[in-house]
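Read the structure below first, then the notes.
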């Protein structure tokens, strides 16, 4: 058997030797080389050049070594392979270096520079050798240049700025070591020009270092950059108490918002990029200390807890004032011999500010309808109470319906309901006409607002919290800091959170929302006590007290704080709807509350109101996903916006006394014919018409703006529609209140003035624009700025502080605006 197998073995050995002779080199040239010397040599498939370098490595001094290679022959054949063999690492690269871009584009680089990874040494000092092998499979000679040099500025120092140049084939990285007592630093990299696009990476001191465009994202933290980048680094994340700052220029600029270069038609043809060099500066500075975190949290708590203290002081003052008022009333009642009782400011004086007005009176009203509508006598339809008696509450008979209608006119609630078309279509209405329903029924109706929004909050918030935690986990695991749009120059991490300060600043919404709920609870308790003791002012005077919408508003403010904090865990394009959803809720609830004040019986139910808000949020999601540059979407949305505006205008103008059915167009034509063609008659409800015309002008203008401009930030555009309508209605309400002869008391007046000022400052900080997800992450970082408050909070944090205070103040305005009517009979309070 052995004799038979021997010829085959000899044949196999001969075959291997022949292959080695063809594939392997015949000559190996090994030479001792020196630093800072340029070697110009040739290599081919028959020759391998090996350069031997040695240098002294010390424990306390880190020295960088850089290898520069330039191939002088421009050939498309076999490239040169450079292999650097070190004690604990091997680096290999080919020249010309080919890097891939999008769509597998090829970019070729003749000149390549690489920094060698320096493994740490345990000895005090030792001599280390490394070898540079140069080989190729090209049969012809290829000339190249080789130079190995030391890097004197390889180690970065705290507070010292260092500038350098880099290209895609000549990446740079530097080492930073944490000084004693420093637990966190921020690495800032800047450049005077935006392009070429570059990548900044923070990697642990390990070999190999990933410093090429095609592998820089494999490890560590990284972010793209145009002119500005910043990464906060914590000592606890690096066991060696040091890290590498890696700077890589990308082959293409699309990741930074740039355009793709021209690509040749020849298949697989390399692209000549020309001179894509970028000059950058790196600065490592100490980040904030733990004392800054403590002071930031104490400052945040101090600001908003002071509102609690101020509320307690005002409550004590109001309690003292009420006790004093009660005592004076008791003294007056105990001294009837004085001839005339003491008249209090909050009682019904004979010369009240409402005397002399007859807003909305009818001419020639028969005696049978005197109880239904207050008569003004001689046909003067101007505002005022001329010729009207203004009897004290105590002298009027109580009616369960709390209206200006005499009990003899209506027998049952069913009769009243059957006459809605008569009551609600009068030319001039009073609150008593729209406050006929049972108080207990209305109370339950408006409490549903609170319970519904609480349920919505739970079901909406839980998946949001889960999602943003997942986003933060992905950022921490992958190191990709382009996922979230922070203000990286003022992003202070805590635990797993990357920007704790942006989350902390939302605490104001939660604390002030809770405070508003406590204020509403106290008001409701006081009102219920007044009802229990049959206080006639509570029963028959002022705007009917329904607190359900106020509870819903306070809950919405708290949820806005929670969801805004969730959004700022990882702010980006897809998460922004979390920040705006409850803003839509707040705007809608405020408008409903304004309408409810004068229309308590005909306000929208909680189910229909939240259904409409759900439709708004639905369109918000559609706009975020499909609205960017989509003309068809904007056409459909603008049409729906205009139709919804017209339907709501009709509903408000006719107080709900109209029907949307098949005969609607016939009725519209009939009204146009009778009121516009046969005779030109003005609108029956002038004030409502003025409001609705202004509202339609604004909404049609916003619809036209959206259709023409098609803004990228659809969620903010939708929010602007809600805010504009709310401000319009708010201004109309205040103007009509003053026009009706009503007054604004001191506390709501102060709230209006202070809230307006705070809103002005808040909007100033909001429009600073520290980041924007409408651009690429690299472009967004160009807007980043340093902290401006306590070295801990930035402009957007101040927006959170001020806007939460402004929203709280706006809620207080809604709560106290009609306090001057608390002693005015409801049949003397106008509806507008």
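Please read every residue number as a count from 1 along the shown chain.
Each Cβ is built from the backbone N, Cα and C atoms, and glycine gets one as well.
Look at Swiss-Prot and you will find 1-18 tagged as signal peptide.
Marked as topological domain 'Extracellular' by Swiss-Prot on the basis of sequence analysis: 19-296 (among others).
What Swiss-Prot records for 27 (among others) is N-linked glycosylation site, and it gives sequence analysis as the kind of evidence. Residues within less than 8 Å, Cβ to Cβ, of residue 27 (N-linked glycosylation site) and separated from it by at least 6 positions along the same chain comprise 46, 47, 48.
Take the CB of residue 54 (N-linked glycosylation site) and look out to 10 A: across all protein chains shown you find 13 other CB atoms. Mapped onto three states, the DSSP output places residue 54 (N-linked glycosylation site) in strand. The annotation N-linked glycosylation site is assigned in Swiss-Prot to 54 (among others).
Residue 60 (N-linked glycosylation site) falls outside any helix or strand according to DSSP and counts as coil. Positions annotated as N-linked glycosylation site by Swiss-Prot, on the basis of sequence analysis: 60 (among others).
Sequence-distant neighbours of residue 123 (N-linked glycosylation site): residues of the same chain at least 6 apart with a C-beta under 8 Å from its C-beta are 59. Feature annotation from Swiss-Prot assigns N-linked glycosylation site to 123 (among others).
Cβ neighbours within 10 Å of residue 141 (N-linked glycosylation site), excluding its own Cβ and spanning all shown chains: 14. According to DSSP, residue 141 (N-linked glycosylation site) sits in a coil region rather than a helix or strand. Annotated N-linked glycosylation site per Swiss-Prot: 141 (among others), in sequence order.
In the three-state DSSP scheme, residue 165 (N-linked glycosylation site) falls into the strand class. Around the Cβ of residue 165 (N-linked glycosylation site), the number of neighbouring Cβ atoms within 10 Å comes to 12. According to Swiss-Prot, the feature N-linked glycosylation site maps to 165 (among others), an assignment based on sequence analysis.
Long-range contacts of the transmembrane segment (297-317) within the same chain: residues 504-505, 507-508, 511-512, 515, 518-519, 522, 790, 801, 804-805, 808, each at least 6 residues beyond the stretch ends and with a Cβ under 8 Å from a Cβ of the stretch. According to Swiss-Prot, the transmembrane segment annotation covers 297-317 (among others).
Swiss-Prot lists 318-447 (among others) with the feature topological domain 'Cytoplasmic', giving sequence analysis as the kind of evidence.
For 401 (among others), the entry in Swiss-Prot reads phosphoserine, with the evidence type a large-scale study or a structure entry.
The phosphoserine feature in Swiss-Prot is assigned to 403 (among others); the stated evidence is a large-scale study or a structure entry.
What Swiss-Prot lists as phosphoserine is 404 (among others).
Annotation source Swiss-Prot lists transmembrane segment at 448-468 (among others), citing sequence analysis. A Cβ distance under 8 Å defines the sequence-distant neighbours of the transmembrane segment (448-468), meaning residues of its chain 6+ beyond its ends; these are 548-549, 551-552, 555-556, 559, 562-563, 566-567, 569-570, 575, 578, 581-582, 585, 589, 605-607, 609-610.
Look at Swiss-Prot and you will find 469-499 (among others) tagged as topological domain 'Extracellular'. When the topological domain 'Extracellular' (469-499) is classified with DSSP, helix, strand and coil residues number 13 helix, 3 strand, 15 coil.
Under the heading N-linked glycosylation site, Swiss-Prot lists 476 (among others).
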Taking DSSP helix as H, G and I and strand as E and B, the topological domain 'Cytoplasmic' (710-715) has 2 helix, 0 strand, 4 coil
Which glycosylation sites from the set 54, 60, 141, 476, 572, 603 come within 10 angstroms of residue 496 (N-linked glycosylation site), judged by C-alpha positions?
476
Counting a contact as 3 or more Cβ pairs under 8 Å, with residues at least 6 apart in sequence, do the transmembrane segment (716-736) and the transmembrane segment (606-626) touch?
yes
Chain residues outside the transmembrane segment (500-520) and at least six past its termini with a C-beta under 8 angstroms from it:
293, 296-297, 300-301, 303-305, 307-308, 311, 486-487, 490-494, 547, 550-551, 553-562, 564-565, 568-569, 571, 787, 792-794, 796-798, 800-801, 804-805, 807-808, 811-812, 815
In chain order, residues whose C-beta lies under 8 angstroms from the C-beta of residue 603 (N-linked glycosylation site), counting only those at least six residues away in the same chain, are 446, 592, 595, 596
Leading contact stretch, 547-567, 632-652, 689-709 vs the transmembrane segment (797-817) - CB distance under 8 Å:
547-567
Can you tell which of 60, 476, 496, 572 has the least company, meaning the fewest other C-beta atoms within 10 angstroms of its C-beta, among these glycosylation sites?
60
Whole-number mean of pLDDT values that fall within the topological domain 'Extracellular' (737-746)
88
Grouping DSSP H, G, I as helix and E, B as strand, the residues of the topological domain 'Cytoplasmic' (521-546) number 17 helix, 1 strand, 8 coil
